[in-house]
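Trainee: For reference, the structure I am asking about is given below.
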């Protein structure tokens, strides 16, 4: 009760929370021969921590798939030429981390360990097997090669050893023993002045989530995970960093713009919001203390919406009732959604207008400032919308980023109108029918029938081989 009163007094003015964190790497660390091997099989710890394990397992109940491209086909155009134009689902329970990265069309249909479109780094937030491999191979060894190389090795879903030092005496005694299991994340926290071993308990809780719930990119020939925080964590800081190193994730196939793809920057947006500024952590809102059948308190590992545990989350600080807070959150979510759609409409036109300019004979020099505006507009839009909980974490920052994106998109279209006029084009550039996901994918030349068929063959033939090999090697219990 005393803790609740203290927290209520401390955070009385707060209204929203929803997610997590990040990092930045320097030299990669070699593997240590002295450390105990990471145990990646989550069920190993079920007898020792039964309540935590069963609640973690309950994330499998969060099974619904929401197709973001079907909901908003504009995204297909904005990501033309990038795997996200094939497939993009909203997030679901941690229990599906490995399943979803295998099944997404973005990872392709590799036949061999050296095949496929994506690097090993795409496993990095999916499994405690990642921590095990980094420990065994070192970071250079882990990151080397294609995504398919990790198939027989990375088989256990995101779980215990991702967040806890499961080999420690503290963990054996029932204490949290939270840790940063990804060395690149630990270095990143140090880079922004937050060394994990010197951080307070509340900061450490959010840092653990921030190993994955952050913006990142794949750096260098080895495609190692790096967080773009060298200049700071605001959208403009990261944009400046990426521009300085001339980095792009891909080139939009319509406009030929060198693009940036934001990932899931929950830590950055949470840090910018009222909850982050008042040290209300990811755990406070998404993993509250609850009671088991015997009345013992434990941390609920069924990570989810704070409103699902209102009495143990929001009500610890807020005096408003659940319905009142839900109404406020819904209004902010709608405001962000409305501006998001307006920005997307401008960007869709900009990509097709840029294509028309190229087709009309525009030069690289003429297009450079236009493409820069498109790049910056879409980056700011993407960083806002890729953080699915931004309406909870930092609604004001979300609207600010989207407003800035709208301005940049308008600048691009104004310059395009002037350039097109010099090429004798004064009429509006028509758009193809992109009213559905399927029509939008057809408009950018995707053969979805072939892509889906190849994926299904991969799931039927390659994935079972991975699992058989993992069982033979003792990496899977069943």
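Heads up, the Cβ atoms here are built off N, Cα and C, so glycines get one too.
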Trainee: If Swiss-Prot says 209, 212, 213 bind heme c 3, which of 94, 337, 349 does it name for the same site?
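Mentor: Only hit among 94, 337, 349 in Swiss-Prot's heme c 3 site, alongside 209, 212, 213: 94.
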Trainee: Swiss-Prot records 160, 163, 164 as heme c 2-binding residues. Which of 301, 318, 351 is assigned to the same site?
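Mentor: Only hit among 301, 318, 351 in Swiss-Prot's heme c 2 site, alongside 160, 163, 164: 301.
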Trainee: Besides 282, 285, 286, which of 376, 388, 391, 393 does Swiss-Prot list for that heme c 4 site?
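Mentor: For the heme c 4 site that includes 282, 285, 286, Swiss-Prot also lists 393.
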Trainee: Per Swiss-Prot, what member of 264, 275 joins 314, 317, 318 in binding heme c 5 at one site?
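Mentor: So, going by the record in Swiss-Prot, that would be 275.
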Trainee: Cα within 10 Å of residue 212 (heme c 3 binding site): which of the binding-site residues 122, 301, 393 qualify?
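Mentor: Hits: none.
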Trainee: Which one is it: of the binding-site residues 125, 212, which Cβ has the fewest other Cβ atoms within 10 Å in this structure?
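Mentor: Per-residue Cβ counts within 10 Å for the binding-site residues 125, 212 bottom out at 125.
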Trainee: Between residue 213 (heme c 3 binding site) and residue 318 (heme c 5 binding site), what is the CA-CA distance rounded to a whole number of Å?
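Mentor: Here the two Cα atoms lie 25 Å apart.
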Trainee: Which of these binding-site residues is closest to residue 163 (heme c 2 binding site) if you go by CA atoms: 94, 215, 314?
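Mentor: Its closest listed neighbour, by Cα, is 94.
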Trainee: How far is it from residue 215 (Ca(2+) binding site) to residue 393 (heme c 4 binding site), counting Cα to Cα, in Å?
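Mentor: The Cα atom of residue 215 (Ca(2+) binding site) is 15 Å away from the Cα atom of residue 393 (heme c 4 binding site).
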Trainee: Would you please pick out, from the binding-site residues 213, 275, 301, 393, the one with the fewest other Cβ atoms within 10 Å of its Cβ?
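Mentor: Relative to the other binding-site residues in 213, 275, 301, 393, 301 has the fewest Cβ atoms within 10 Å.
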Trainee: I want to verify one value. Collapsing DSSP to three states, which class is residue 164 (heme c 2 binding site)?
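Mentor: Residue 164 (heme c 2 binding site) sits in a strand per DSSP.
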Trainee: Out of 282, 285, 301, 314, 393, point to the one nearest residue 263 (Ca(2+) binding site) in space (Cα versus Cα); all of them are binding-site residues in the record.
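Mentor: Checking each of 282, 285, 301, 314, 393 against residue 263 (Ca(2+) binding site), the shortest Cα distance is to 393.
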